[in-house]
Amino acid sequence: MAIQITFPDGNQKSFDAPISGLAIAQGISPGLAKKAAVIQVNGELWDLTRPIDRDATIAIVTRDKPEALEVIRHDAAHVLAQAVQELFPGTQVTFGPSTETGFYYDFARDTPFTEMDLEAIENKMRDIVKRDLPITREVWDHKTAVEHFEKAGEKFKAEWIRDGIAADEELTIYKQGDNWLDMCLGPHLPSTGKLGTAFKLIRVGGVYWRGDANNAQLQRITGVCFANDDDLKAYLKMVEEAEKRDHRKIAKQLDLFHQQEEAPGMVFWHPKGWAIWQVVEQYVRGVYKKSGYQEVRGPQIMDVSLWKKSGHWDNYQDNMFFTESEKRTYAVKPMNCPGHVQIYNAGLHSYRDLPIRYAEFGGCHRNEPSGALHGIMRVRAFTQDDGHIFCMESQVEGEVTAFHSQAMKVYSDFGFTDLAVKLALRPDKRLGTDEAWDRAENALRAALSAAGVAWEELPGEGAFYGPKIEYHLKDSIGRSWQVGTIQYDPMMPERLDAVYVDENSQRIRPIMLHRAIVGSMERFIGILIEHHAGSLPFWLAPVQVVVAPIVSDADGYAKEVCELLKDANLRANTDLRNEKINYKIREHSVQKVPVIAVVGRKEAEEKTVTLRRLGEERQVTMPLADVAKHLLG
RNA sequence: GCCGGGAUAGCUCAGUCGGUAGAGCGACUGAUUCGUAAUCAGUAGGUCGGAGGUUCGAUUCCUCUUUUCGGCACCA
């Protein structure tokens with residue numbers, strides 16, 4: 001039986017017997033065989049050592065290709081697992097996939113691994129690479145696999161195969177050398193030596209078996225892995241740089257805010273941090289006005305009965321704060337919507353009035369799980385740029401598309417372009433009928449289509465009252481944060497009895513759209529700080545200009561310049577300390593002040609100012625009268 | 001919430017194999033009046049996160065606790 005192999009260039013060759021990818025590569029050139037990682041066979045990735053037993057179109061995948069990198073990383077996970085089991089007998093394996101930057105493997109072991117163990121494990125990994133163990137693929141039947149893993153004391157693996165894989169399915173087993181194996185779909189490299197040296201274990205941490213908090217806790221060891229050492233080095237450098245932008249670190253350096261033990265998950269805003277907040281708030285207030293919102297304000301606490309009516313108590317009582325007075329229990333508001341409904345309900349509305357749009361910088365408290373708290377990105381007291389649109393069903397699409405373009409404009413104004421749009425669909429725990437959810441989800445899909453955006457759908461992640469569109473921003477170390485959202489809610493008007501009167505004098509339920517653009521002010525400012533590494537653009541900088549006299553004879557003139565800048569609504573300070581100009585320049589540069597205005601005797605005499613922009617050495621001298629206009633222009 | 005690592009001067013960190021702690025920067029005082037990223041000298045500053053325990057003696061060891069960091073789970 002001849003096997004016909006078709007190469008990427010269209011050439012064909014036939015072989016008398018099954019042939020491995022490695023042999024084919026060697027037939028082309030030894031150099032190719034050396035660089036080869038896997039082989040693509042009829043569109044599928046195969047091991048180089050797996051005999052090709054059928055006619056096939058093939059392509060050798062060299063280790064510099066993205067598909068190969070995934071295989072290399074997956075191999076690293078296996079080598080990690082073998083290393084751990086050699087060093088710590090009795091440790092059970094579970095899963096170990098490749099990730100965006102490397103790999104991890106989850107182990108079951110009574111004693112958790114420590115950072116100290118990582119070095120030993122990594123050394124053992126390098127040893128296994130050096131041993132260059134052949135990696136071989138075998139096909140087992142279901143029963144053999146379950147028996148093997150049970151006998152080996154691999155309870156998690158056995159459970160997974162027994163409960164997670166159909167009994168008639170064949171399983172592939174990969175062996176590394178003679179003494180170690182794991183069940184895996186593959187493909188893998190031909191031997192452990194091919195893994196190379198560009199990997200590093202970076203952390204350990206607890207995880208739940210199959211991602212469920214009710215299950216056993218496993219130990220995850222995470223590593224990074226690349227095709228070559230230069231890529232690894234570049235990645236580690238990038239991480240190091242990213243860590244320098246951590247908003248918690250920068251907030252301390254620039255004196256923006258602090259947090260302390262007595263108020264976990266809450267923020268003490270210092271003058272400079274609050275100055276940033278004010279700029280963001282005033283900007284968003286402008287957006288409210290432009291897009292037809294009326295700003296309102298609801299109370300911070302309301303009787304718990306209202307939250308029972310709204311459905312929040314059922315869903316979130318564990319995460320709400322309560323307070324008591326005169327035998328009544330109040331909930332500190334975790335959301336602004338019930339308050340806005342009360343404002344809406346205070347009058348009777350005609351269909352002619354819709355849509356009615358309310359907005360609020362709504363302070364909310366949520367008792368987030370302690371482990372979730374993270375700087376000002378995830379807090380227990382936060383402020384939303386919240387808004388609620390009461391409208392007819394026919395108005396939803398227009399409102400959502402208008403919101404979308406407004407939101408995108410806001411993000412780009414703040415310097416963000418890397419956004420992902422997601423549509424979160426009905427969760428298990430929800431209010432309302434399936435028909436209502438169908439209508440709600442389709443309305444949001446229609447609006448997104450009309451806006452011409454690409455989106456990702458997230459089944460099961462909607463709010464209990466309705467589906468939502470989410471806007472996600474990436475931070476400096478690649479973490480994704482949700483900022484904006486618009487949510488379709490037919491339930492809250494029902495529960496809290498909101499109505500409008502239609503053209504037939506009938507009382508009809510409006511649809512409520514919950515929406516936020518920056519989301520949490522706290523989180524958004526945190527992202528801003530990291531995104532700009534503390535060097536906020538001029539319009540956002542807490543201190544925009546420092547006026548620094550060279551020696552004290554220009555102090556009076558410096559004050560005069562500063563007053564003029566303040567009159568022009570610029571955030572300006574003077575630095576009259578008895579320090580050298582070099583010292584002042586350095587200090588305000590480190591403090592990320594965008595403009596330093598240096599004035600000496602010369603400037604004072606000529607009524608000019610010399611400006612130095614952050615990061616530039618170039619100096620520009622201009623008449624005092626032009627300075628404010630120049631800076632604001 | 002769960003698993004693990006931390007918490008020492010305002011900040012960044014060192015240190016004590018159990019005998020109540022040290023640096024740099026900052027602050028303060030003085031000198032210096034200087035043209036674009038750190039002038040010099042001196043001084044002050046810490047119940048070593050909190051509460052128990054072991055001990056002649058605890059910042060150090062143990063227990064509990066608060067909080068923080070990383071991971072997971074959660075995120076209306």
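Cβ atoms here come from the backbone N, Cα and C positions, even for glycine.
TrEMBL labels come from automatic prediction, so no person has curated them.
Annotated Zn(2+) binding site per TrEMBL: A:CYS337, A:HIS388, A:HIS514, in sequence order. If you look up TrEMBL, you'll see A:1-62 marked as domain 'TGS'. TrEMBL lists A:246-537 with the feature domain 'Aminoacyl-transfer RNA synthetases class-II family profile'. Positions annotated as region 'Catalytic' by TrEMBL: A:246-537.
Here the features listed in TrEMBL are placed on the structure.
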| residue | record | DSSP class |
| --- | --- | --- |
| A:CYS337 | Zn(2+) binding site | helix |
| A:HIS388 | Zn(2+) binding site | strand |
| A:HIS514 | Zn(2+) binding site | strand |
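Note on the domain 'Aminoacyl-transfer RNA synthetases class-II family profile' (A:246-537): its mean pLDDT in the predicted model is 95. The binding-site residues A:CYS337, A:HIS388, A:HIS514 differ in how many other CB atoms lie within 10 Å of their CB, and the one with the most is A:HIS388. Close to the recorded Zn(2+) site, the chain also has A:MET335, A:ASN336, A:HIS340, A:VAL341, A:ASP386, A:GLY387, A:GLN487, A:ASP489, A:MET492, A:MET512, A:LEU513, A:ARG515: residues not among A:CYS337, A:HIS388, A:HIS514 whose Cβ is within 8 Å of the site's Cβ mean position. Across the domain 'TGS' (A:1-62), the DSSP tally of helix, strand and coil residues reads 14 helix, 28 strand, 20 coil.
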